[in-house]
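According to TrEMBL, the protein has these features:
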type	residues	note
DOMAIN	1-103	domain 'Cyclin-like'
DOMAIN	116-200	domain 'Cyclin-like'
REGION	223-353	region 'Disordered'
COMPBIAS	243-252	compositional bias 'Polar residues'
COMPBIAS	257-273	compositional bias 'Basic and acidic residues'
COMPBIAS	288-327	compositional bias 'Basic and acidic residues'
COMPBIAS	338-353	compositional bias 'Polar residues'
Amino acid sequence: MCVVDSFTQQRPQAVMATAQVLFHRFYCKKSFARFSAKRVAASCVWLAGKLEESPRRSKHIIFVFHRMECRRENLPIEFLDVFSTKYTELRHDLIRTERHLLKEMGFICHVEHPHKFISNYLATLEAPELTQEAWNLANDSLRTTLCVRFKSEVVACGVVYAAARRHRVPLPEEPPWWTVFDADEAAIQEVCRVLAHLYSLPKAQYIPVYKDNDSFSVRRALDTHASKESPASAVASDRGTPVPSSSSQEKNSLAKAGREKVKENSDTKDKLLPAELNGKGDQAANSKSDRSEPNVDRAEERERSRSRGRDRDIRGRDSDHERERDRAKRHRSRDKSSGTIMNISVGTTLFEM
């Protein structure tokens, strides 16, 4: 959390508070051993700047966190080249961690701080002299998990109550003043208890918990130089096995024993191969013959169904031709009958004339 706090010199206080809330929310679901706290802190600051409408470029975040780490570990501050591979790797890590943050939160990153309620509550209670003390307590509450355990209104009531008790300022109790602000006494007492426990602790120190390389940028560069100098140690460290320091004779004896074991294993495999191949060949032939019989039956059934379909098509075509012929005969007979009727009618008219 100190990494996030030290970045507030050039950014608004709301960015610091939002970054700390995002940090607590993320580690409520994930483990410190799986995700580096330093890289998550950098991504939280970068994301909080976007949420609070004061964004910064990724290179500014990387430069500041890299410089702070060099100072804290008493290392010479080196300049990060924007076009170097080290910078590109840090930038990719920053973007990847931000994606993890958004994914775990379901892209719901709305944060409501207790600071905006403090001034309204104290104005209602007519105790403006407690504003600074309550504000300081609200800032310190971000170092605890109160921001993810209680609502912002409850935390605001808790810091107001603690500030009033510290400065011995009386507040209305009949009825209790916190009932007006939708808070209960048990939650307020818990907030005060957590803050009192925080102030009783010694100065905070960073304890590396991340199982992999727990560094933002410094140790990664040192690891690359070490791997170039001793490739065997790098391979062993990747596998998680230490490199033993032994003499050349012991190494040669171990190498010879390993070669002999490899030869013995290869001889036993060569002896077993022919019998296994024969057994596998017979099984494959039997399986092929078994598979070929149902395939032949299926092919015959397909041909039969096709021939039946063809016969049906031919029969249908013949029946269609016969129907057309019958229709043509009927039309011809109708035409002949109409022609004879016309002739008869003409003959009768001529006879009458």
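Every residue gets a Cβ built from N, Cα and C, even glycine.
Bear in mind that TrEMBL entries carry predicted annotations, made automatically and left uncurated.
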The domain 'Cyclin-like' (1-103), counted residue by residue under DSSP: helix, strand, coil:
72 helix, 0 strand, 31 coil
Restricting to the domain 'Cyclin-like' (1-103), what is the model's mean pLDDT?
87
List the helix, strand and coil residue totals of the domain 'Cyclin-like' (116-200) as derived from DSSP.
65 helix, 2 strand, 18 coil
